[in-house]
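Structure first, commentary second.
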Amino acid sequence: MKGGGADDFRDSFFEECEELLEAMHDGFDQIANETHDSETIHAVFRAVHSIKGGAGAFGLDGLVGFAHHFETALEKVRSGEIEADYEVLELFKHCGDHLSDLVAAARDDEEVAQETAAALGEKLNEVIGFDPSEAEELPDFEPTTLDFGMLDLSAPPLPAGYVIAFTAHPELFGSGNEPLLLFRSLEKLGTLDVTCDSSEVPPLEELDPATCLLSWTLRIETEVDEVTLEEVFEFVEDCCEITITALEPAEGAEPYSLPDLGAEESVPFPEPPAETPDIAEDGDAPAGASEDSGDLGANHGEASADAAPPPAKAPAKQVKDTKEPKEKQEKQRGGGATIRVDLERVDKLINLVGELVIKEAMLSQSIAVLDLPSENDVSTGLESLKQLAGEIQEGVMAIRAQPVKPMFQRMARIVREAASATGKRVHFVTRGEYTEVDKTVIERLVDPLTHMIRNAVDHGLEDTETRIANGKNPEGTVILSAAHRSGRVVIDVSDDGGGINRPRVLEIARDKGLVAEDAELQPSEIDNLLFMPGFSSKAEVSELSGRGVGLDVARSEIQALGGRVAITSTAGEGTTFAISLPLTLAVMEGMVIDVAGQTMVVPITAIQETLQPRTVAIHRIGAQGRVLKNRDSLVPIVDLGASFQFRDEPEDLGDQVLLLIETENDRRCALIVDNIQDQRQVVIKSLETNYRRIDGIAAATILGDGRIALIIDPDSIVRDVSIPSDPTMQLMR
Amino acid sequence: MSDLAEPKTRLEQEVVAFRVADQDFCFDIMSVREIRGWTATTVLPHAQSYVKGVINLRGSVVPVVDLSARLGLGVTDPGPRHVIIITVVQSQTIGILAEVVSDIITVQEDDIQPVPDIVADTVKSFISGVVIVNGEMIRKLDLSRVLPAASVEF
């Protein structure tokens, strides 16, 4: 079970690390917000400790070394020796970040710069008042280890051996276990005498070789304790009955001799690495040795953080210890156990449910044609089917949804890094972290959100002196919140900084030729200048957020997800970026339109308004171009039918409808469509799977009648429109 | 020795035979997923003349190729009697518009003859060989050449 499953173990270890790191950060947040209790620091300690233990089992030396150092410092806080004040907490958070880095690096087999660990290590030493040259300090963090040897000295003399009754369940082989290997491990612990009871085994013709009907009586003469014996059976304890009975101690048996060595041999995992040099150097020889045995215990995750329990109870304690934080997390999430499912399976399910909904709509149409009397069985049955299908669809969509919490935690780190790079003190607050959003949306939101968070710390918040001068709290606040609002997710990034310096923004925009010299802009229009490509407002380009790519990139990434960004800013009080996103990428709110006999869909997010051609002023520019005047700007008009080569552009726009659409960079365009049918949620289908990308088309969808309708891509349509040069157009670009 | 080797080299193949523009064609049955009646397609903008549009195949968007137009034998005006043969070629699902599916035939690999030289090059490039069955000549299609995506340069 070591061989083939090793990768699985590794995977689940890293998965567990993610959870543990999350728990650790949670703990720090609670301490920072003073919502913690005595259990919090224990939870943090356990998280770090479990990571160390697991890492040891996989021979991840660097990780073990740093985790150990970190754990030592945490222990000082836990025991109340030092106070977890602001500085200490900040350091711990940085250490937590570094621990995450180490875990990620170990997972991806990458190298991590040693300097960070060394620097943090030094700081940790400072905090805990630990001088590496003073070896006497070492026993102080001894309570973290469970030393069987030490315990055994005070315990009654060990029995000379044990009798183990081992009855396997029939499915023992099915779980990949092999009793022979267990017996071999036992053999290493002492003199072993095995008796096999095969009375349950049926005649050969009835025998199923995959079931195990044997039981064994194992008599072992050994000096190790019961716990060590139980460990051998650790992996099979669910599929067998084990009773361990101690034999009477033999006369003159040595009560204690090198239990460490025995324990070492019983370890079913690969041998743990030697202690990392910086720690090993710290201790003198005996202390180092006892620490080693402690670490062996840690590899099983059982070196209990609390006072050492009696040996016999150790396994029970171990179970309790590891389960406790998990249960807590689950309680917080409001859910039970989770399973991992291949995304492809979920997507297939989503497709099928989409199909079910369409079939149901088609059936409704056919029944409507039959002209049945109202209140007939078919219609009522169909109605409840419709409801069920809707609920299934919602449920399936929810599978892809995940809480934004892990992403928010990543942002907490961005804030810390940005804060230390700019020398500002920042209080980071997250709200609504259990808001659920489609997995893909979350993944693709990380980059733009990172940018906005950095921007808030770097540009949004004033420096400490200015804040004090303005009578504000020297510590700036950045709030990241998420909430569901009318079928969309709204994520706000707000700071309590000085607000947007509008005269300065306007000046820069004019200098860079982004706005005409004499243009009069509304405050909100000035704010939106921040999103213009090539706009960077800070006088000196900072290493942090002034990388030439500005908020415009962040915004186009959000728009690619079907989202929008809005800014509100109040001078002296702060700035808020509000990001509004669809809940999922699998469905979209669309307007169903007719163009030249074809049914098409326009994403609602792009549509600003619909206009009757008769009621607006349409101007011709040249032979082909037509523009329409809307809110003091000229908007080019595009006939969708003509741009898709379905027809020639109509001369007279009598009966058509104009859709005013807005896309990236505030570019606008009016689309001529024949008719607006409906507004509804549509399921997004890829065209590229079986065909290829089409200019001006984003994807396809299936309508209620089972036919495919194409979803237009407003961005690519607007991009293809050449804008006539007109002075007032400059403003809108 | 040669007798023993014989069955291995004489590979059999099942093909679906169908009619397009009064000519018989066939391809390997393993590429065929199903055969459906004609359903109206959704027209694709900027598409080649032989791409009839896309249909909904249980939730997948599947393009339909007018094989007659693809081979330069004239554009088909599809009606309810036409069929769409759903094929999977190079992991893409494509519908092939045909007049009628005539038969499923077992052919010996040896019986597939090379395309005679008289055939004009454009058509020849879509045909990998010909088989004579009951005195009728059936053209074996090279499906990968028919794919619309692969033929952007045409």
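Quick reminder: no glycine exception, Cβ is built from N, Cα and C everywhere.
In TrEMBL this protein carries:
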- A:2-106: domain 'HPt' (DOMAIN)
- A:H49: phosphohistidine (MOD_RES)
- A:251-336: region 'Disordered' (REGION)
- A:318-333: compositional bias 'Basic and acidic residues' (COMPBIAS)
- A:385-585: domain 'Histidine kinase' (DOMAIN)
- A:587-723: domain 'CheW-like' (DOMAIN)
Enter the number of other CB atoms within 10 angstroms of the CB of the residue listed as 'phosphohistidine'.
25
Averaged over the whole of the domain 'HPt' (A:2-106), what is the pLDDT?
79
Could you check what DSSP calls A:H49 (phosphohistidine) once collapsed to helix, strand or coil?
helix
Using DSSP, how many residues of the domain 'HPt' (A:2-106) fall into helix, strand and coil, respectively?
86 helix, 0 strand, 19 coil
Using DSSP, how many residues of the domain 'CheW-like' (A:587-723) fall into helix, strand and coil, respectively?
20 helix, 70 strand, 47 coil
